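Engineer: I have a structure here, written as structure tokens, and I will follow up with some questions on it.
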Amino acid sequence: MADEEDQLFTVEDYEKQARKILPPACMLYYSSGRDRGWCLKESTEAFSRYRIRNRVLQGISHRSLSTTVLGEQIQYPIGIAPTAVHAAAHPDAEAETARGAAAADTLMVLSVDSHTAIADVSAAAPGGLRWMQTYLFKDRLLTQHIVREAERAGFKALVITVDSPVSGLDSKVRAALNKDAAIFAFRMSNFEADIPSSRAAKAEGDTRYVKYVHQMQYNDSATWEDIRWIKSITNLPIVCKGIVSADSAREAADAGVDGILVSAHGGRQSDVAPAPIDALAEVVDAVRGRGIEVYMDGGIRTGTDVFKALGRGARAVFVGRPILWGLACQGSKGVSSILEILRSELDNALAISGCTSPDCIPSDMVVHESEYHRNPPKSRMESGGRNPCFHFTAIVSLMVYLCFFVPLAFWSPCEDVVTPNELGKNGSHQQIEVCQEIKYGNVDHHTQKAHHWDQKGRVPYPITDLNYFYDDLPSGERAPGHIVRVNSPARTVSVLEPFDSGGCTNHHRATVDSTAKQDNCLVAVNAGFFNPRSGACYGNVVSNGRLVQTNGGLQNAHLGIRADGTLVFGYLSEENVLQTENPFIQLVGGVGWLLRDGEIYVEESKKAECGDTEEASSVDLFFNMLSARVAVGSDEKGRLVIAVIDGQTLKRGLSLLSFAKWLLSHGVTNAINFDGGGSATFVVNGTIVNHPSDPCHDITYRCPRQVSTIFCVHEPRCDPRDCNNHGDCIQGECRCHANWHGVSCDQLQCGDHNCSGQGICNRDGCRCDAGYLPPDCTRTCPSGWYGQDCSYHCDCGHGGSCDPVSGECACLPGYTGTICQETGESIASRIILNVGLVSGKHLLEDQLPVLLIIAVAVAIVSIFCNFISLCFRYSCTCTTVPCDNGYSVPRKHVHQKISTKQMDLFDEFKSST
Ligand SMILES: Cc1cc2nc3c(=O)[nH]c(=O)nc-3n(C[C@H](O)[C@H](O)[C@H](O)COP(=O)(O)O)c2cc1C
């Protein structure tokens, strides 16, 4: 055995080993999938159809796998999925798994169908990070009981499994289980709740109890309302498990969940469900921008599987069966070993792919294999043989093109860019101060008050005024394109890094529409220049108040927005960029200052931006050639103006001078030229509306280019942007959720009484202390009920009343016991006792003879009565009640005593979890 253990290097090794150790019925139960097993098989195999497009030489020596899930830090994004019946793999069941998870420093989701009770799992591995899985039980009191137990035991979230309205019963598994029933002797601890339905089921014996568990679990009347209800009774975050479609994901988001676990229940509920890795991207897209974390489980067996899931948008993944195999082979050591194998394989995959952390895997790095099977560009034969002149012309054009342009040091015809970080190297920034027109003094940038918002802080709607145009210019050039004016730019415009925050640092590039999607941009356009080979962003970049990078004072023309809302155009020193008094909240660089305070400034800026190291001819070319163009500027009202002209480099479009004139004629007063040519991409509500000029793989079509930074026009943001998660940001104002107040929804107040000091105000109203009722916790429980939410029924017998908080019984005279069930002492003897205690002193001192006689008489009567009563009870009990019904053994051993029919019911339950 020791030798075999030494050979366990992969998850697959553990599976093989578990197969040798576990009884066949148990292995079948763990490993099986529903019906034909299609979904089970597909869940694993689908991973093989994704490819990782590595990026090499990325300097990835500083890697970290750590991330957060619902605000909790984990060392790597791999957790344990909830699975039932750990007792069949290890005698210590879920307690042992919890020890393994804690040793491996990761998150465990405990199944509600655990053998070990919630509190005992916590005690087994104190301090471990755990979430509690549950179903939406038929009896809400049972769900509430699980929620409270999880809260008490320090679990950090609830995972609600929503894919099991009925059981995923599988007859082949049932049959096998029936044959090997003893292995599945386990206890359903969490259903043993002190609530009426559970007590009643238990009182009726084990057959009924097993049925109860089954009936509770498969709740075919559950709806999204039940999710909303759970949210209303707890502050724990909610994760919805078992979603594989965009529609359900959106409904989950509408119901207010905090996370979605894309899962097909390990292929145990339906064999025609999609593989979760295939369904993942659809779910991620459906809830993008709604603040919901998306996770995935199903079929993960290697670190590259984990990487692929992360690359397709999962924040973390969970594993089910591999953990059971580890547990069966080596207990908690096996559990942590499985996690360690996956962790180190993930680290390796990360390094090979050229990434440094799970958060910065580029969105286009993990692709479906079908990407590689697209039709190649048409060959000569396929195209039906073009006119040979076409090829001749093409070759000649190419030669002319290469001969003419290649010698230009900084100009590459394929890239449409000059290398602006070379510009200004020899002090052209100063040169412009010295040589510019006198009226500008030595000020090398222009500041303009931006269009503002009204006195109540409201941005005038509509935010944008968007126009399409097709102008013929006097120069003979043609300008088809778009122009948009944006109100209150300080609150409605952001500079975004490619794809996501960190994009510049990681040299990412992304299409404008994919970056725009991240931030729900209404309108977006490409912005700064970049190095087309390394992907590095050029110039200074400040994005939403965050300084992304500076350029060390070597500047091209920039456009920025300062904290007070002013717009800044022109050349900035490092000092300007880093100014903290009124810092930049958005800043990005272009090449060419086209309009300065209502005047054309093209020639001046050409001089300023053409340092000695720059070939003048290449800058001339860049300024003079026809090309698609993008400029961002302002009009007289201080609105931001974005203009995009369609074109194709050297063939169609505008020179920068014509562009400047055109902008001026459209009321633009200041403008900076941004990246044009094949980069020019204009997106409205997620759709590209201009005509980018880069050829696609199939050269018949044109595709948007992957670029660096973008300008994003959006709804005004709130402060903080998420209204502290207690409100919705609508047109820049936080509309607070129920019971939250304040401009940023940071104050909780539940009605006038604010829970009357007998409860805690939370987002769903007062959560009253035990014994008190919502809405304001002033009312106590109605008679006969007690406890949290007055949901527990009093058991006090014989007219006794119960304490609304603790349920403790106050018995009527003559009754004792915790539920007033005992009538041991006769009333007479109590009277004697009381009389004796209270009046003893007087009896002795004053009226001894008279009272002595009464006492003796009462005592004689009392003894006589008790004697009669005892005789009567003895004879009744032994004659009318059967004494042994076979269930007197403790509950935890009951499974060994139950009949075959009852065993079937257990099996029915187990085979469907
Ligand atoms: C034996 C077994 C029992 C399971 N029990 C539960 C359960 O009680 N609750 C639940 O939500 N999912 C349950 N699942 C599904 C897992 O949480 C998870 O979705 C699935 O196992 C992931 O696939 P994998 O096993 O390929 O990693 C169970 C899965 C297995 C294999």
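From the backbone N, Cα and C atoms, a Cβ is placed for every residue, glycine too.
TrEMBL annotations: computationally assigned, not manually curated.
Look at TrEMBL and you will find 3-371 tagged as domain 'FMN hydroxy acid dehydrogenase'. The domain 'EGF-like' feature in TrEMBL is assigned to 786-821. Positions annotated as disulfide bond by TrEMBL: CYS811-CYS820. The transmembrane segment annotation in TrEMBL covers 848-872.
Show me how these features fit into the structure around them.
Structural biologist: Within the same chain, residues 141, 144, 148, 194-196, 233, 768-774, 780, 827, 830 sit at least 6 positions outside the domain 'EGF-like' (786-821) and bring their C-beta atoms closer than 8 Å to a C-beta of that stretch.
Look at CYS811 (disulfide bond): DSSP puts it in coil.
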Engineer: Could you tally the C-beta atoms, other than its own, that fall within 10 angstroms of the C-beta of CYS811 (disulfide bond)?
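Structural biologist: Taking all protein chains shown, CYS811 (disulfide bond) has 19 Cβ neighbours within 10 Å.
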Engineer: Suppose you look only at the domain 'EGF-like' (786-821); what would the mean pLDDT be?
Structural biologist: 88
Engineer: Going along the chain, which residues six or more apart from CYS820 (disulfide bond) have their CB under 8 A from its CB?
Structural biologist: CYS796, GLY797, HIS798, GLY799, GLY800, CYS809, CYS811, LEU812
Engineer: What are the DSSP helix/strand/coil residue counts across the domain 'EGF-like' (786-821)?
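Structural biologist: Reading the DSSP string over the domain 'EGF-like' (786-821) gives 3 helix, 8 strand, 25 coil.
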